[in-house]
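Visitor: The following block contains the structure, expressed as structure tokens.
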Amino acid sequence: MIDLKYLQNNFNEVSMKLQKKGVDAASLEHLQTLFKTLKEANAKLEAAKAEQNSMSKLFGQYKREGKDITELKAKVDANKEAMVPLQEAAREAEEALYAVALAIPNLPDDSVPEGADEEDNVELIKVLEPRSFDFEPKEHWDLAEKNGWIDFERGVKLAKSRFSVLRGDAARLERALINFFLDTNRERGFEEFCVPFMNNAAMLQGTGQLPKFEDDLFKIEDEDLYLIPTAEVPLTNMYHDEILAEIDLPVLMTGYTPCFRKEAGSAGRDTRGMIRQHQFDKVEMVAIAHPDNSDEVFDMMVQNASDILTALGLPHRVVELCGGDLGFSAAKTIDLEVWLPGQNKYREISSISNTRDFQARRAKIRFKDGKKNRLVHTLNGSALAVGRTLIAIMENYQNEDGTIEIPEVLKKYM
């Protein structure tokens with residue numbers, strides 16, 4: 001959540017920054033009204049409290065002096081009763097402000113490029129040259145069918161559309177990728193975690209999925225539980241409402257989980273193959289960092305994801321997202337896009353974000369800085385999306401007869 005005090009004192013500046021993310025200034029004006037309502041409610045309540053304190057002191061004085069307190073006591077009781085609706089009004093005003101503030105996205109960094117959507121993202125560098133084929137490369141679904149690797153029909157039968165079944169060598173390759181990703185992340189200093197695949201609403205609110213994106217989540221009926229859309233949720237919230245020692249920063253975490261998303265806004269997009277599924281596997285990196293060095297941690301995470309792709313021999317490019325393509329919680333995001341020769345285009349395979357103190361404020365994650373507590377910075381990113389890496393290997397390592405080679409670094413895992 002953005003700093004409400006900063007928003008109140010710098011409304012025009014915040015409004016201008018959020019326009020970079022496509023947030024209409026008019027939608028923020030309601031917040032100004034709520035700020036005013038809360039200020040007025042608190043002023044009335046504080047005035048009533050001041051009067052109550054004054055009468056309470058007078059009450060004690062009357063008793064010491066032996067004066068008749070009947071009339072004064074009636075006034076004290078009446079004022080106390082009058083404070084009840086004032087307290088309720090202040091509480092309701094604060095809750096209304098908080099509810100609206102939860103739906104306001106994070107401020108983009110000043111360095112984030114201007115732009116409306118992914119077409120305006122900025123390519124920073126290309127890593128590895130795409131392979132030159134002497135035949136027409138096939139797309140992954142054709143290769144999967146030829147090799148019997150992915151069963152889309154049985155995925156639909158078992159669940160619904162956008163589910164699939166991996167079998168044989170594809171299932172083994174999926175497991176190999178997960179182990180390779182986790183091993184690499186651990187070698188870079190990330191501690192491995194195995195976390196619940198369901199989290200409660202408070203955790204999803206902490207990382208920003210709730211309340212704004214509830215329609216994209218799978219909720220467990222009659223339970224305060226949701227299937228996680230990413231391991232970012234449990235890993236970041238590992239320190240929900242906790243105070244860390246400054247010496248322990250940064251905290252680097254990694255974990256493998258399946259991820260579950262309704263893909264509510266993706267109707268008609270990537271309907272064939274495994275690019276966009278309701279359930280997919282991912283290895284996540286999460287960092288809880290000191291505000292002074294979160295940029296260094298961010299660069300390390302980007303490099304780590306790129307190094308994994310390089311080790312797999314997969315051509316990719318590094319792209320900085322423009323304001324209009326930034327996620328809700330992100331202040332800055334770098335995407336890694338892998339080359340898919342069958343589609344003849346780069347596709348996102350990792351998205352690494354620095355949320356600054358946005359998630360930390362929502363999740364109350366702090367560190368002890370001398371005598372005071374400060375909010376940490378939280379960062380997250382894939383290293384990597386497993387299914388999309390599997391697709392990239394299939395398309396980049398295919399032979400003319402449809403068989404698929406295995407990258408050298410994965411052979412020991414298979």
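Heads up, the Cβ atoms here are built off N, Cα and C, so glycines get one too.
The feature L-serine binding site is assigned by Swiss-Prot to T230, A231, E232, E284, S382. Summarising the annotation, Swiss-Prot assigns ATP binding site to R261, K262, E263, E348, I349, S350, S351.
Provide an account of the burial state, proximal residues and distances for the features listed.
Guide: Sequence-distant neighbours of T230 (L-serine binding site) (same chain, 6+ residues apart, CB-CB distance under 8 A): T257, C259, K282, E284, N380. When secondary structure is read from DSSP and collapsed to three states, T230 (L-serine binding site) falls in the coil class.
Mapped onto three states, the DSSP output places S351 (ATP binding site) in strand. Around the Cβ of S351 (ATP binding site), 20 further Cβ atoms fall within 10 Å across all displayed protein chains.
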Visitor: What whole-number Å value do you get for the CA-CA distance of A231 (L-serine binding site) and R261 (ATP binding site)?
Guide: 12
Visitor: In whole Å, could you give the widest CA to CA gap in the ATP site formed by R261, K262, E263, E348, I349, S350, S351?
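Guide: If we measure all Cα pairs in R261, K262, E263, E348, I349, S350, S351, the largest is 19 Å.
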Visitor: Note the Cβ centroid of T230, A231, E232, E284, S382, the recorded L-serine site, then list each other residue of that chain whose Cβ lies within 8 Å of it, in sequence.
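Guide: For the L-serine site, the extra neighbours are V233, L235, G255, T257, C259, K282, V283, M285, V286, N380, G381.
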